[in-house]
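*Asks:* Heads up, here are the entries from Swiss-Prot:
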ACT_SITE  GLU188  active site
BINDING   ARG266, ASP269, ASP298, GLY300, ASP303  Ca(2+) 1 binding site
BINDING   GLY301, ASP303, THR340, GLU342  Ca(2+) 2 binding site
REPEAT    345-362  repeat 'Hemolysin-type calcium-binding 1'
REPEAT    363-380  repeat 'Hemolysin-type calcium-binding 2'
Amino acid sequence: MEKYMSLKKKISYSEDKDVSGSEKANELLKWLQAYIPGKDSNIVVEHEPSKDAAKELIRGDYRWGHQDDDKSKAFQLKYTFLESKPDDMPWHISEFSAFNEKQKAAAKLSIQSWADVANINFVETTDAKEANITFGFFDVSLTGSYAFAYLPRPEKTQLGTWYNAKSRTFSNNDIDVNGYGRQTFTHEIGHTLGLQHPADYNASDEVSPTYKNSATYFEDSRAYTVMSYFSEKNTGQDFKGIYSSAPLLNDISAIQAVYGANNTIRADDTVYGFNSNTDRDFYTAKDENSKLLFTAWDTGGNDTFDFSGFTQDQRINLNEASFSDVGGLKGNVSIARGVTIENAIGGSGNDVLIGNDAANTLKGGAGDDIIYGGLGADNLWGGEGKDTFVYLSAKESPPLERDWIHDFVSGEDKIDVSLFDLGEAGKGGVRFVREFTGEVGEAVLRYNTVDKVNDFAINLGGEFSYDDFWVKIVGEPILESDFILS
């Protein structure tokens, strides 16, 4: 087909276009808009979304006195676990107690989770006088406090984080991954780093804060930030009673705006989920009953979301700032802004895999999957089951960056171009012809008997060129009936 290439043409797919496609293509469109307020019909939008949601967490510009504006250098903070009552213990709490070893280990994991995303060097010290951040328990609170911490100020060299020892969340499995106690450690440490609640509410308010009455913008939920008081269900997600152990989407953006990013962590090929090499419990799935809740921060390499051990129907989206439904939860996995995850592996359910602009490798696994590579030269596997490979525009597989479909089974799998954008001149839709004549929407199917590769191409008009569409399908000859054209 090289002879068809010549002139360049511009065309792109429009989400707002008035189109009707197949059931699978429309399901893909639905998931491309998932968790976007105003586009996802499952979300009741009580507050307007904010373009500055992450900045709201640092709206007070709280900073340490020894902090400068050079974010290229790691900022050092020392911390300690108090062993005795300090002289300046807050007036409204009493009956001090120290952290035990398990509690210390959990708090250190929360500290580590902040160091993973920000250019901060945390150093443990046993000298309480030189510590910037202290950890301690209390048994009695005149104000009924569960936990609290202080925000940094230029005149302060030490801040305390305090936790109610009588709360069961700090004495049982709740300080393990996904527990409320573990999230509390992460939340209070966030305060000592300068992060506020998303709006001006607090547990000490006379009237208990609620999302409806206290949130000032849409993203004030535990799907976007560990600094929120409000359930992720308010923004469309559902974590089934678990809590994030590490900073989430807006936390990461906010903390990096203050301290700079950790640009050295996970710079190699990283696997999240099953077969994880992250050495982080919140990024790791051990069996089909594992529950994942995280925002991925990654700085390089060829990286993979491996959710192969789950049996539920999953929706895996590799685009930055997107949310995925993984392992039976809703919107529980997200990707930090500026991060590229290249690959995804689905499980044994009927999954939807959505690629990004990179060269993705997408593997659906068992089940009847929908595979969408997006831009970039992608390698696609449907796996067992009746799989559908969807294309929406020529930019998703141009001749010089062709996709490869590796395990297509004629009579079972489908290639769906029912929503393929042909521009204003392509009202006739995609249709098969024996040879290109220059008409918009003409499609040609060829088979190379030597290489055992099918070539499927669509012309956008005129002589076939580098801006048209061409995908390679490995295996036995496929038929026109294997395609969904409308």
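Placed from the backbone N, Cα and C atoms, the Cβ positions cover glycine too.
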*Asks:* What is the separation, in Å, between the Cα atoms of ASP298 (Ca(2+) 1 binding site) and THR340 (Ca(2+) 2 binding site)?
*Replies:* 7
*Asks:* For the repeat 'Hemolysin-type calcium-binding 2' (363-380), give me same-chain residues lying six or more residues beyond its boundaries with a C-beta closer than 8 angstroms to one of its C-beta atoms, as numbers and ranges.
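*Replies:* Contacts of the repeat 'Hemolysin-type calcium-binding 2' (363-380) (Cβ under 8 Å, skipping residues fewer than 6 from its ends): 24, 27-28, 32, 308, 313, 318-319, 343-357, 386-392, 395-397, 401-406.
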*Asks:* So how many of the residues in the repeat 'Hemolysin-type calcium-binding 2' (363-380) end up helix, strand or coil by DSSP?
*Replies:* 0 helix, 6 strand, 12 coil
*Asks:* By the DSSP assignment reduced to helix, strand and coil, which category contains GLU188 (active site)?
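*Replies:* Assignment for GLU188 (active site) reads helix.
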*Asks:* Quick one: give me the count of other CB atoms within 10 A of the CB of GLU342 (Ca(2+) 2 binding site).
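*Replies:* Within a 10 Å radius of the Cβ of GLU342 (Ca(2+) 2 binding site) lie 21 other Cβ atoms.
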*Asks:* Nearest to ARG266 (Ca(2+) 1 binding site) in three-dimensional space, by Cα, is which of the recorded positions GLU188, GLY301, GLU342?
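*Replies:* Smallest Cα separation from ARG266 (Ca(2+) 1 binding site) among GLU188, GLY301, GLU342: GLY301.
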*Asks:* At the Cα level, what's the spacing in Å between THR340 (Ca(2+) 2 binding site) and ASP269 (Ca(2+) 1 binding site), rounded?
*Replies:* 12
*Asks:* What is the average pLDDT across the repeat 'Hemolysin-type calcium-binding 1' (345-362)?
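*Replies:* Summarising the repeat 'Hemolysin-type calcium-binding 1' (345-362) by its mean pLDDT gives 99.
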*Asks:* Once GLY301, ASP303, THR340, GLU342 are set aside, which residues in the chain still have Cβ within 8 Å of the Cβ centroid of the Ca(2+) 2 site?
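*Replies:* Close Cβ neighbours, site residues excluded: ASP269, THR270, ASP298, GLY300, ASN302, THR304, ILE341, ASN343, ALA358.
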*Asks:* Determine, using Cα-Cα distances only, which of these recorded positions is closest to GLU342 (Ca(2+) 2 binding site): GLU188, ASP269, GLY300, ASP303.
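*Replies:* Its closest listed neighbour, by Cα, is ASP303.
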*Asks:* Rank the recorded positions GLU188, ASP269, ASP298, ASP303 by how many other Cβ atoms lie within 10 Å of each Cβ and give me the one with the fewest.
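*Replies:* If we count Cβ atoms within 10 Å for the recorded positions GLU188, ASP269, ASP298, ASP303, the smallest count is at ASP269.
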*Asks:* Per DSSP, what is the residue count of the repeat 'Hemolysin-type calcium-binding 1' (345-362) in each of helix, strand and coil?
*Replies:* 0 helix, 6 strand, 12 coil
*Asks:* Give the residue from the binding-site residues GLY300, THR340 that has the most other Cβ atoms within 10 Å of its Cβ, counting over every protein chain displayed.
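*Replies:* The residue with the most neighbouring Cβ atoms within 10 Å is THR340.
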*Asks:* Can you give me the Cα-Cα distance between GLY300 (Ca(2+) 1 binding site) and the residue listed as 'active site' in Å, rounded to a whole number?
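*Replies:* Cα-Cα, rounded: 30 Å.
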